[in-house]
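For 36-56, 57-77, 108-128, 129-149, 157-177, 184-204, 230-247, 251-273, 284-304, the entry in Swiss-Prot reads transmembrane segment, with the evidence type sequence analysis.
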Amino acid sequence: MTSLSNSLSADAGRASLASAAGGEVSDFFALLKPRVMVLVIFTALVGMVVSDATVNPVIAAISLLMIAVGAGASGCLNMWWDADIDALMTRTAKRPIPDGRIRPDEALAFGIVLSVGSVLILGLASNWLAAGLLAFTIVFYAVIYSMWLKRATAQNIVIGGAAGALPPVVGQAAVTGHVGIESLVLFAIIFIWTPPHFWALALVKSGEYARAGIPMMPNVAGPDSTRRQIVWYSLLLAPLALVPVWLGFGGWLYAVVGVLGGLGMLAGAVQVYRLREGEPERKAAMGLFAFSILYLFLLFSALLAEQGLGLFRAVAA
């Protein structure tokens, strides 16, 4: 009986240890902001496929992985720096560092190792232009945005949005060795898309941002000014999103998605501008926030679909 008890205790101990190890791995993975990594992979891939070049699939796969790891590393460093304010916001209080599941020094070391590793491997596997752009993206997000802009100016999202807009540029550089007009246009689309996307959320979460001391636009310029700027950015985004059609790397499918999506963004922005009180305001803002994600996804998916269809036709011919 004693032997059986000891065996059961040992099994329980091993299970507990395995569970703890699994939890720690998932916590470190959470530091990488996996949902952001998925978006980075997606937009970087589009930057690759719109390039007028023969793409080596192995180099492309390694490059996408390293771009994703680099983005995750910058997210990890962002969480390390922002642990104090994350603890004050409901949306972020359960992140691994403020919740006490990972020590700040562990997160810092993890982020630095991944940053250096991703840049070096991308440089060796692809080229040093792409590696340099990835390094710039990491530094811009982790240092310039996280450590300076985020707590210093209401334009934090506008300027800092450059980091989130760079993956298509890095992706194109990785497979071609240069930066072309295609990826620069994609950069511009994401850059202009970012403010209305995040400010819609900021209108709803303004109280939390104020409590954390983050100068988001609704807390600095006021909700009315923020709503007007959301409309103006949406007006600018609609025609900008159609530039790929004018340049010839966006076809009819992309044009349809661009027109309908642009009108949808504008309609959502006007709705946010009109509804200014209570639950209707919150629903309008969160509706625009959600639609903006769908809009960008469909826009870039249309480019992927058209490039895939073009490749299929070329092979079939």
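Note that Cβ sites are derived from N, Cα and C of the backbone, with glycine treated the same way.
For the transmembrane segment (230-247), the partner stretch with the most Cβ pairs below 8 Å, chosen from 36-56, 184-204, 284-304, is 184-204. Between the transmembrane segment (108-128) and the listed ranges 36-56, 157-177, 184-204, 284-304, the one holding the most Cβ pairs under 8 Å is 157-177.
With a threshold of 8 Å between CB atoms, the same-chain residues lying at least 6 positions outside the transmembrane segment (36-56) that come near it are 63-64, 67-68, 71-72, 75, 164, 167-172, 174-176, 180, 182-183, 186, 190, 244, 249, 297, 300, 303-304, 307-308.
Within its own chain, the transmembrane segment (57-77) has Cβ neighbours under 8 Å at 31-34, 36-37, 40-41, 44-45, 48, 107-108, 110-112, 114-115, 117-119, 121-122, 125-126, 130, 134-135, 137-138, 141-142, 146, 163, 167, 170-171, 174-175, counting only residues six or more beyond its boundaries. Remote same-chain partners of the transmembrane segment (129-149), defined as residues 6 or more beyond its termini with a Cβ less than 8 Å from a stretch Cβ, comprise 63, 66-67, 70-71, 73-75, 77-78, 81-82, 111, 115, 118-120, 122-123, 155-156, 159-160, 162-164, 166-167, 169-170, 173-174, 177-179.
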